[in-house]
């Protein structure tokens, strides 16, 4: 965390983020941002700890940024979900009591959900065998979780290799598979607010949506209910498979998902060359009115930015307001900001998630 965990200072820290976003978007005539706050504690649904040996025992540990040698021992973690905090001492007691579970265990990862699901990944510097699997199965049953053991590129799965999340958007509950090791939004309460904002911002449409960087379908599912059809792109195989499962589970049947990068999609739309992965998809049949982007921290590269310019509306979720501002600067001659928002995904840090709806001038 970049700032001390202090719930009493939360409002002050949030005000500073709002001021920073206003400052970055002021050159573009942005309206006042809608602000979506976070729970003050127990908001983070995932956590990762190294294990540190001290006084003959292994402890949960984290490290200060830039210092991998001075461990900060962790007994509880108030920013993490209540489920993670409840699991931490029970898991620690299990590895301390069991040679099979504790031997050469060096890292533990927790993933929980608002729906009450939980998964624990245990990482080892040794091969895992049947003896480990027997004890891990007992552990999973005792804790009511899925357990995954990892060792040198191999993994053993006890239960499922994904957690199930359920999010309510405009009165409809969407179910999501969140695969082990894949990206998920860490702050479930704020993610739900973010989905609701995007759902409202796009409005009820009679045309089509193009989505870049769709991940596991976090935004795809609710936004698909607002448009005629969706073409969504993603390059991660794990995320693509999760998104396909999520579409099927939620009976969302107006989405085509293709494994293409933004650069490849640009080439396809410009008819530079054909792609086998687009076989059976007629790009000319789509009437894209909106493009939705949720890029990595680096923002959109200049070519992707130019791709979005051809659309009347650009719905942009950003995890880095500086690169968001840089992208808007590239687009401001053709698009204006109609609405914007700040989502406090990461309390007690300088990081913020933001969203803008850009509309053609």
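These residue numbers are counts, starting from 1, taken along the chain as shown.
Just so you know, glycine gets a Cβ as well, placed from its N, Cα and C.
What Swiss-Prot lists as active site, nucleophile is 319, and the listing cites sequence analysis. Note: residue 319 (active site, nucleophile) has non-local neighbours 296, 297, 345, 351, 353, i.e. same-chain residues 6+ apart with C-beta under 8 A of its own C-beta.
In the three-state DSSP reading, residue 353 (active site, proton acceptor) counts as strand. The feature active site, proton acceptor is assigned by Swiss-Prot to 353.
Within the same chain, the residues at least 6 positions away from residue 234 (S-adenosyl-L-methionine binding site) whose Cβ sits under 8 Å from its Cβ are 213, 214, 215, 240, 243, 257, 259, listed in sequence order. Residues annotated as S-adenosyl-L-methionine binding site in Swiss-Prot: 185, 213, 218, 234, 294.
Same-chain neighbours of the S-adenosyl-L-methionine site beyond 185, 213, 218, 234, 294, judged by a C-beta within 8 angstroms of the site's C-beta center, are, in sequence order, 183, 214, 215, 216, 217, 219, 239, 317.
Comparing Cβ neighbour counts within 10 Å across the recorded positions 294, 353, the minimum falls on 294.
For the binding-site residues shown (185, 213, 218), fewest C-beta neighbours within 10 angstroms: 213.
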